[in-house]
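Everything on this sheet refers to the single structure shown next.
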Amino acid sequence: MAWRQLRKRALDAAIILGGGGLLFTSYLTATGDDHFYAEYLMPALQRLLDPESAHRLAVRVISLGLLPRATFQDSNMLEVRVLGHKFRNPVGIAAGFDKHGEAVDGLYKLGFGFVEVGSVTPQPQEGNPRPRVFRLPEDQAVINRYGFNSHGLSAVEHRLRARQQKQTQLTTDGLPLGINLGKNKTSVDAAADYVEGVRILGPLADYLVVNVSSPNTAGLRSLQGKTELRRLLSKVLQERDALKGPQKPAVLVKIAPDLTAQDKEDIASVARELGIDGLIITNTTVSRPVGLQGALRSETGGLSGKPLRDLSTQTIREMYALTQGTIPIIGVGGVSSGQDALEKIQAGASLVQLYTALTFLGPPVVARVKRELEALLKERGFNTVTDAIGVDHRR
């Protein structure tokens, strides 16, 4: 048995190193090979590496530019204008993948229409003890309890400032940058942490995200309460408005899927009252839907991936209705196909994000979502993504 396991690991390594070399020189220089990644390379990586090590390797490979530029050409049909910017396509990488701003340019090369860095906390912090990430391959899902591990504002500012001129051009070309802000675990004044994030990283962002919905920092989700949220966002908006320069970042709030009806009404009310620029819906869920098969399904943390998809989409639908479609929404949670993306768009999202799908399907999933989304838009008689936004509410 030991010999068989050793031989299997050696074979996995050969696939990753040898197959990866072939991949770099041929497959991805064309259109990417969905089957090769989903059936061979990604499973081999998962057998060889624990989830966090695989994540770190992926960030490293992408940051070094080792993956060739995706060749899928975004059509005008996929372009969206929202949050004061043009988005070449509506598919972004969600916060949590590039926590420290190390792989922004490599992620654009994969075909994402926008990149969201973070969450970033004011001071560096380690997050929760390992292991803190768990795969549920049977469910196409992941549970994480990272706990806002972050290099801190100073380190991320240094990295992003070094490429600021490049980002200015990318944004002009329809590839905006978002930065997701968090609070330190030991901070007493949460608002002060977010305000500091706005002050330091605001000048480098096209949009900022106030993340008050991670389930892995004690007390964080309580900031979604009406009084606490109004107080926090008032200070964040005041700091944003005080930033120098003509182009100030949009401010969005990322909310949880595990909210009561009253919670949702309160968030919608505060967002409209204060003029929040957008909502990101949703973060991971602490619930465990019936039917999960993964052996690690009972691990503590936030669940992402396919089991989150419908809960996320329903929350988008409800928040779009509560805000009467006046506040742009970025939909995230279980997106791995064009159908998933379109369902969120028709429910009210202007843009979508993915992350967990990369774990199981690899980089070709980006082109797959865009290709399938474009085909579905044509099939259903939409001329653009914008035409499909919130259409479920007009039927």
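One-based numbering along the chain as shown.
The backbone N, Cα and C atoms fix where each Cβ goes, glycine too.
Taken from Swiss-Prot, the feature active site, nucleophile covers Ser214, and the record attributes it to similarity to another entry.
Annotation comment: Swiss-Prot describes Ala95, Gly96, Phe97, Asp98, Lys99, Ser119, Asn180, Asn211, Lys254, Thr282, Gly305, Gly334, Tyr355, Thr356 as FMN binding site. For the recorded site, Tyr355 (FMN binding site), the DSSP three-state label reads coil. Counted within 10 Å of its Cβ, the other Cβ atoms near Tyr355 (FMN binding site) come to 21, all protein chains included.
There are 24 other CB atoms within 10 A of the CB of Lys99 (FMN binding site), with all protein chains counted. Feature annotation from Swiss-Prot assigns substrate binding site to Lys99, Asn144, Arg145, Tyr146, Gly147, Phe148, Asn211, Val212, Ser213, Ser214, Pro215, Asn216, Asn283, Thr284; the stated evidence is similarity to another entry.
Under the heading topological domain 'Mitochondrial matrix', Swiss-Prot lists 1-10, citing sequence analysis as support.
Positions annotated as topological domain 'Mitochondrial intermembrane' by Swiss-Prot, on the basis of sequence analysis: 31-395.
Taken from Swiss-Prot, the feature transmembrane segment applies to 11-30, supported by sequence analysis.
For the recorded site, Ser213 (substrate binding site), the DSSP three-state label reads coil. Taking only the Cα positions, the spacing between Ser213 (substrate binding site) and Ala95 (FMN binding site) is 12 angstrom. Asn180 (FMN binding site) sits 14 Å from Gly147 (substrate binding site), counting Cα to Cα.
Geometry remark: Gly305 (FMN binding site) versus Arg145 (substrate binding site), CA distance 15 Å.
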